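Participant: Structure in structure tokens, see below.
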Amino acid sequence: MHNTHLITYKQLAKLYSIVSMAFLLASSSVPMLLMFLVSFTVSSLMGSSLGNFNQNFDITWGDGRAKILSNGELLTLNLDKASGSGFQSTNEYLFGKIDMQLKLVPGNSAGTVTAYYLSSKGSTWDEIDFEFLGNLSGDPYILHTNVFSQGKGNREQQFYLWFDPTTDFHTYSILWNPQRIIFSVDGTPIREFKNMESRGVPFPKNQPMRIYSSLWNADDWATRGGLVKTDWSQAPFTASYRNFNAKDACVWSNGASSCGTNSSAAAASSNTNAWLSEELGSTSQQRLEWVKKNYMIYNYCTDAKRFPQGLPPECNAS
């Protein structure tokens, strides 16, 4: 395994470039300066061998269109007119802090969807979604998020990203503990879904979930509501994955958790499981609000027309 704390000459050169850009941004936007520095730290300095795809994942469909390469350090999904492809984790998790680096389909990706999510099974399943909706060349991807609990979703929030997600790998993270779910991009939180069972809102906390990802054709809805179709002359479309990290996660096996207990209070009492009670600090909260203000393009909690009988109860929380 590579030492994630060593900075190569190439990384130092990139750091110089990033910092130079940061100084240009500093006069106009302090939050954007923070975003650049955090993004560099998380994306550029992560080790190149955090998780091995041969050990941690199974390719589940695609008839050879999904490939594990570089001795398990890289996984690619491909989509052509005949089929997409997908994979899933060998482990199930009941709470975790999970990172994956993705590089999305470049160029004209209209009609394609790259899905990366946690999900349980059954008719009352739980699910935590990242979905990346492709677009025409030069138009931004839409990052679609959702949370299902006991089979009920309809909690969509959508965002643009503050970078091109097709030119390099970026880190997409889910923190899932008994109190909250936090979606993050390159260490910047973009969404928080809190446990509001006290208000009658179901929260995913009892069903172990696997990690799934797939690349598939959804041109009946993905781009501009289905108006823009997939250009198959651009196929095959490819999404790439690396640096899976679930070292801070509770693996569920044979009805028991690797964290030793379902009680968050007991498990979080250990420093090694501090993530089980982790919450957003003031700086992270400011970055979250900055993303909401500048990059959120849809929020179910403000869509009164969609909920004529009243917004969902979690939307009315202070």
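Glycine too: its Cβ is placed from the backbone N, Cα and C atoms.
Note that TrEMBL annotation is computational and uncurated.
Since the structure is predicted, the reported quantities are computational estimates derived from the model, not experimental observations.
According to TrEMBL, the protein has these features:
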ACT_SITE  Glu127  active site, nucleophile
ACT_SITE  Glu131  active site, proton donor
DOMAIN    38-241  domain 'GH16'
CARBOHYD  Asn135  N-linked glycosylation site
TRANSMEM  15-38  transmembrane segment
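Help me see these features in their spatial surroundings.
Facilitator: Its Cβ taken as reference, Glu127 (active site, nucleophile) is surrounded by 18 other Cβ atoms within 10 Å in the chains shown.
In this view, Glu131 (active site, proton donor) is surrounded by 19 other Cβ atoms within 10 Å of its Cβ, with every protein chain counted.
Taking Cβ-Cβ distances under 8 Å and a sequence separation of 6 or more, the neighbours of Asn135 (N-linked glycosylation site) in its chain are Ser109, Ala110, Tyr141, Ile142, Thr223, Val228.
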